[in-house]
Amino acid sequence: MDSLKNRTLLKVIVLGDSGVGKTSLMNQYVYKKFNKQYKATIGADFVTKELHIDEKSVTLQIWDTAGQERFQSLGAAFYRGADCCVLVYDVNNLKSFETLNNWHTEFLKQANPMEPETFPFVLIGNKTDVDGGNSRVVSNKRAIEWCGSKGNIPYHETSAKEDTNIDEAFLSVAHIALSNERKQSNDIYPRGQYHDSVTDIIDPDQSRGCAC
């Protein structure tokens with residue numbers, strides 16, 4: 001087993017409106033479980049996934065944040081130190097797509113990355129299974145165009161309920177986060193090991209997550 005000090009910690013923040021399926025995506029990816037009963041996330045929580053990428057041992061720490069506006073003031077404490085941000089919307093909910101700009105802007109404001117113009121984002125359009133796709137209101141083309149307006153960020157469509165494209169989406173996130181972590185490795189305060197002030201207390205063999 002890899003020693004703790006040789007593992008790279010990648011911090012990923014998942015953002016989007018309440019009810020788009022952020023927690024369900026994470027729980028499906030980490031635990032292969034889906035809970036039909038919706039329960040809003042309060043504040044923030046996280047799950048972890050152990051990976052090997054390019055012969056490197058990685059702990060992907062995925063932060064699940066509340067979609068309600070009253071919790072957005074908590075952002076700075078959770079966003080800072082992130083290696084990648086995943087924006088999630090519901091392909092059947094136009095409002096959840098239209099608020100992506102707000103989430104994108106708010107993250108950059110709160111996280112305050114060193115190079116905001118090149119900070120990595122990934123977009124996920126979730127709930128593709130609903131009504132066999134007949135309830136969809138945001139087209140694949142429109143989503144890709146939005147990604148193009150943000151510097152051609154990667155886009156994935158998923159169904160947390162059916163476990164469709166979940167592993168592929170998060171593997172893409174992990175590769176992007178690792179690439180960003182390596183890019184930042186020459187900073188004054190090297191990141192990526194288990195000495196980050198926010199995550200010192202984390203046991204990589206234990207993970208927490210919401211039920212929904």
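Think of each number as a place in line: the chain as shown, counted from 1.
Here the Cβ of each residue, glycine as well, is placed from N, Cα and C on the backbone.
These features come from Swiss-Prot:
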BINDING   16-23, 64-68, 126-129, 159-160  GTP binding site
MOTIF     38-46  motif 'Effector region'
LIPID     Cys210  S-geranylgeranyl cysteine
LIPID     Cys212  S-geranylgeranyl cysteine
MOD_RES   Cys212  cysteine methyl ester
Largest tally of Cβ atoms lying within 10 Å of a Cβ, found at which of the binding-site residues Gly19, Lys22, Thr65: Lys22
Around the Cβ of Thr128 (GTP binding site), the count of other Cβ atoms that are within 10 Å: 20
Cβ neighbour count (within 10 Å, all chains shown) around Ala160 (GTP binding site): 27
C-beta crowding around Gly16 (GTP binding site), within 10 angstroms: 24
Assigned element (helix, strand, coil) containing Lys22 (GTP binding site), judged by DSSP: helix
Model confidence over the motif 'Effector region' (38-46), averaged pLDDT: 64
